Structure formats: structure tokens, C-alpha cells
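Asker: Got a structure here, written out as C-alpha cells. Questions coming.
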Amino acid sequence: MQLGIENISFATSEYVLPLATLAEATGVEVGKFHVGIGQELMSVPAADEDIVTMAATAAQPVLEGQDLSAIRTVLFATESGIDQSKAAGVYVHHLLGLDSRCRVIELKQACYSATAALQMAVALVARRPEQKVLVIASDVARYDRDSSGEPTQGAGAVAMLVSANPAVLAIEPVSGLHTADVMDFWRPNYRSTALVDGKYSVSVYMEALRAAWDDYREQGGHELASFDRFCYHQPFTRLAVKAHRTLAKHSGELSNDAADAQIANTLDYNRQIGNTYTASVYIGLLSLLENAADDLSGARVGFFSYGSGSVAELFAGVVQPGYREMLRTSRHREQIQRRREIDHSTYVRLHDHPEGLVGGDHDIAPETTGPFRLAAIRDHKRIYETVAQVSAPADASAVGASPAVSTDTATTAL
Ligand code: CAA
């Protein structure tokens, strides 16, 4: 029996900040961002967007035409949780009209937890192959302004339907694992932005990669040369290039050029979105599937998933014949291109005053053109809306201009 990803989709935020704008405002040579870390743009959520709205937007198309009663589990992976108790996936479950006969939980281990969710989903489906599991990874990467991590922020969500009909990618059973108690990146409960020891985080990422690879091989995994492509967790795309060259050298099997060819096209979307923490490696998969010119049917794809703190997993999947019929390439490119460009002062406003962190009751003015929005916080409860869709405004730079969504909405108070 083959198990894996039957359907996959992603969503990102309403706004985008070019790193050229950040470079100019902070007096940094733009080449450091474009070349040194390999990032061009970063997604910035509107005040009425969060991990729930992006997750629901990503998952909605994946559920089209599905028998919702077959989805008896939702696994929501995030490290930008909105509540210490309630799983964000419960809001998404409601917004998408999923069956009440369903278990919903939230998973956390920095950027790694989506991979844990995927593997747990595969195990659940192995036990009950007639059931499906909805795996969602959704995150907003936020660092302090003027910190080393600032240009590596971003936002996005991926939804994957895991089943015994893996029309996109069959997951192979062997995994290489590595856990080490390190303090490279973390976010205490009292902070809205992450703390990071940047250079150290890169070195422990590479250590985890080598250790997970060694374990993968010891567990009976394939040699590196038998992979066609490789997807990395990408806090910034340059790291994936360095990581795969590190692995090529460690395994002694590939030249730098051959290593670079194996990660081709996995970086395209991430370069334009920024770090999406748990979602990043799977946005890399979509970037590969949707941007590679050649037919990848039968291709073996390696995945390196890393979550600071740290847990890492290296595993493989095989792209299925006919996968192209499952893709939503134009929708995903539109997700990236529809974003409205913001100036530096708007970015500062959004960054420094993220909604809901201060407590108190407030309505949140409509900003997003997406199908779901955070409408208000009342009595410490988040209230989400499903928004009647209208076309995006023609003037993409007019941030703060007239609302881009109809206020005539079907309000869902949860
Ligand atoms: N033109 C071209 N390149 C330039 C340049 C210019 N004008 N100016 C600088 N560069 C190059 C530098 O030479 C350097 O290249 P190398 O890495 O090849 O040496 C690169 O740009 C970056 O420059 P710095 O090392 O000086 O950059 P920095 O110290 O300010 O920031 C960083 C780098 C510490 C990784 C920072 O981006 C950061 O803190 N990021 C957040 C943490 C992170 O993402 N860590 C990754 C591993 S942890 C993880 O994966 C989990 C997660 O998601 C966070």
C-alpha cells in the first residue's frame, strides 16, 4: 500500500515588503539580501490575517470535491500559536465546515512539526486506509526589527491531504532522525518575536543534517546519487544551497554542481515569500513541482526538515505519475503576485503592533482580500469571518486605501 500526499496547496499573506525597501531603510547593501541570504521579497500579514486565516485559505481548495466525513483528523503544525490552550486547527475546522466527527490537535517543535504531522498522518492512514488526514502547516516568522533575522521574516501556510491514494507524492518508510537540546532559536511565551543565535543556528542546522543523513543511511535509506531532487527547510534560500553542498561533501557522492542541480526550482517560491517556518519545506516541494520544466513522475525527492531547539528528520518521497493534474500552479503564482506592496512605514506599523497581543476588545478593519479574516477580538475571543470575495484593487501600492473586501460578510463568531 502506498501512502502520502494526495493533494497540496499553499497560501500567503496580503502584503509584501521588497527586501530592497528594507535595505534602503536600514542602510544595508541590498546584495547582502538578494545574494548573501538569497531572499528578494517577504510576505507580511495584514492586521486581519493570522495563522488561522492563511491555513483556511490554503486548505479550502484541497477539500474541494472531497467526502469530508473521511477526514477524521486535522493536524495543525505551527510555532506562531495564537492560544496556549485551544488548537488553531479548531477554528479552521469550523471555517471549512469539516465534520464534527474529527480529532483536531496542534503540534509544536519549531519549524519541524509539520513533518511530524505528516509522518503521524501516514501512520494513522496505514491503520485505517479509508480515512484521510488533513495536515496544515501555518506560520508567521517574526524577529525584532534591526536584528539579524529581520530580512528572513515571512508568512505562509501549506495544506496537505494525506491518504492511501497519494496522487502527488508517496512517502517512503525510512527516516533519518536527530534531536539535540540546543538554544539556537526560541520564543519564550512572553515574546511575540523569536530570539536567535544566528551563526550558531546555521552551524547546528548543518550538524543536524549530517547526523540525520547518517541515521537515514544506517536505517537502510538510499544513497545520495539515487535522489533526483532535494527539498530543504529554507529560512533563507542561500542556506539550502549551502546545506546541500554540505551533504554532498559529507556523503562524498556529488560535486557542488550536481548538488545545486538537485535543489533546482525548490527555492523559487521561498525566495519570494520568506521564511514560513513549518510550511517552508513543503512550499519548497510545491515550488519544485510547479516550476520544474521536466516531468518529475517517478522522481525520488529527499526532504530535510529542521526545527530549532532542535529536531531534524530526513526522508524521501516519490512523485507520482499524473501529479501535474493535481497542481494549482496558476492559483499559487497568483497567491504570490496578488500581494500588495507596502512601504517601510506600513511594515513598521504592522510589525510593531500585531493584533491581539495587548488584550482588550477591538474590531479589526478589513484589509485582506483573502477569503477569511480575523474580524475582532472580544472578551479575549478571536472572531473570524468568511469574506464574500471581490476582485483585488487595481492600485496594488495603495495600502490603507479603501478596503479590498466586501464588509457584507457572513460573520462566523467562534
Ligand atoms: N553582496 C553579496 N553578499 C553579501 C553582501 C553583499 N553586499 N554583504 C554580505 N554578503 C554575504 C556575506 O558574505 C554572507 O555570506 P556567507 O554566509 O556565504 O558568508 C551573507 O551575505 C550573510 O551575511 P552575514 O553572515 O554578515 O549576515 P548576518 O550575520 O547579518 O545574518 C544570519 C545571517 C545570522 C543567518 C541571519 O540571517 C539570521 O539570524 N537569520 C535567522 C536565523 C536563521 O534563519 N537560521 C538558520 C538556521 S535555524 C533554522 O533553520 C530554523 C529557522 O527557521 C529559524
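Cβ atoms are placed via backbone N, Cα and C, with glycine included.
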Asker: Looking at TrEMBL, K242, N275 are annotated for (3S)-3-hydroxy-3-methylglutaryl-CoA. Which of Y143, Y190, Y347, Y384 sits in that same site?
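Answerer: Among the candidates, TrEMBL records only Y143 at this (3S)-3-hydroxy-3-methylglutaryl-CoA site.
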Asker: Which one of 55-74, 75-94, 395-414 shows up in TrEMBL as region 'Disordered'?
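Answerer: Going through 55-74, 75-94, 395-414 one by one, TrEMBL gives region 'Disordered' for 395-414.
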Asker: Could you give the number of helix, strand and coil residues in the domain 'Hydroxymethylglutaryl-coenzyme A synthase C-terminal' (244-324) as assigned by DSSP?
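Answerer: Secondary-structure composition of the domain 'Hydroxymethylglutaryl-coenzyme A synthase C-terminal' (244-324): 38 helix, 18 strand, 25 coil.
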Asker: In this predicted model, what is the average pLDDT of the domain 'Hydroxymethylglutaryl-coenzyme A synthase N-terminal' (4-165)?
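Answerer: Summing pLDDT over the domain 'Hydroxymethylglutaryl-coenzyme A synthase N-terminal' (4-165) and dividing by its length gives 98.
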Asker: Quick check: in three-state DSSP terms, what is H233 (active site, proton donor/acceptor)?
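Answerer: For H233 (active site, proton donor/acceptor) - judged by DSSP and reduced to three states - the answer is coil.
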